[in-house]
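Feature annotation from TrEMBL assigns transmembrane segment to 15-38, 50-71, 99-124, 136-161, 210-233, 245-266, 278-302.
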Amino acid sequence: MSLQLAPKIVADIEWAVVSLTGLIAVVSLLGALYSVPWTFRSRQQVATRAFNYLWVTRALLQVIAACYALSLDLRLQVLWSAKSAIIPGGYNVDAMCRLYIGLSFGLLEPSFLLLVLFACMYTVHKHTQGDPGSNPNLFIFALTVGLTLPMCAAQVFAALFSRIMTQLRYNEELMFKFFAASQPVGEVMCPADPQNPNCAVCLFPEFSTLISAAFALLYLLVLWAVLGRIAAAAINRMLARRIRLLQICITFFFCASVTLRGVTVVDANPYSLPFVCLWLANVAVGSALILVVSAVLVWVPVYDGRLANARLGGLCAASTALLNAPTELLPLVGYGKSAYSHDAGSSDYDYGGSQAGDQLEGECSPVLMMSNQLHHRGGGSGMAGVVPGSTHGDV
């Protein structure tokens, strides 16, 4: 018999989770606002014009992150059960548990991860097969929706089908572990009214977890292939380490989340210490996944973009030499010198570059700022050029 926690202790833990998810949601929404370009005038945006093509994707990623964090609250007894602090008597706990499964695991989690994948695949696609269209954000959004819908349908089916399967009399214990979305705990939560249907807590049905595991396997195979190509084309080691960090963090946190949900069937008592620890660990890895992806793909590159725009904007005001240069702020590789050289052989500016003109440009990844590639031949800019393969560039 495992150690049992008092309902009051579990309730206090859930309030802490509400605070955490609320904080993550607020930070994510602020990140969405921060990713919106502060100007749309191309001359003032010369350093960040191409980078800002994907600002809609970045903002959408942050909005989904906020919703994903808040969806963790759908299973909390302090909000929906008979002991709810906001709804007297609670509100249909079993329905909220099924909504949690369909919304969190079927819609928000896969859409968040797929948006990351397709934003990075756009980088690869653009250089290998050409630009897929004039609106890359629409292209990425359409792919995300198209592949999220099957996952959403599968998880909704799991949530609804569980109600039928748990009512069967065949092998009730097995049916409960694989399909039950909630468990009555009236004797512990509501000793005065143990038959109250709202005296229940949410579980992680194994059927839903197996669907997520199948999705995780396919997703991670593609993710490693895409990010592997991007990291191989990185302009320096620091950039490559950032890409690998993103790759490893998504793999670890996503796999850990699915594994923790699956292990909860070993002790499906919502008030047992092992179950509560597994649930808290799942909340922790889900929160870490949101924060790491947001930092690596939104907060850091947008900050670098604004910083580079301020620096390069001053240079462009004094000379039009940069206006004819490629405008990608965040290239994964360098460009040939001819692409950056000033016209008519005057060559007032010279830029570190590479012969890899057909390699990948990164518009979705936080990479080396273009300002670190600039080199004023007279030394006035004070920024040394970075040659591809060099490990001395600043990021």
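Every residue, even glycine, has its Cβ placed from backbone N, Cα and C.
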Long-range Cβ neighbours of the transmembrane segment (15-38) (under 8 Å; 6 or more residues past either end): 45, 48, 52, 55, 58-60, 62-63, 65-67, 69-70, 72-73, 76, 78-79, 280, 283, 287, 290-291, 294, 298-299, 302, 306
If you count Cβ pairs under 8 Å, which stretch among 50-71, 99-124, 136-161, 245-266 touches the transmembrane segment (210-233) the most? 245-266
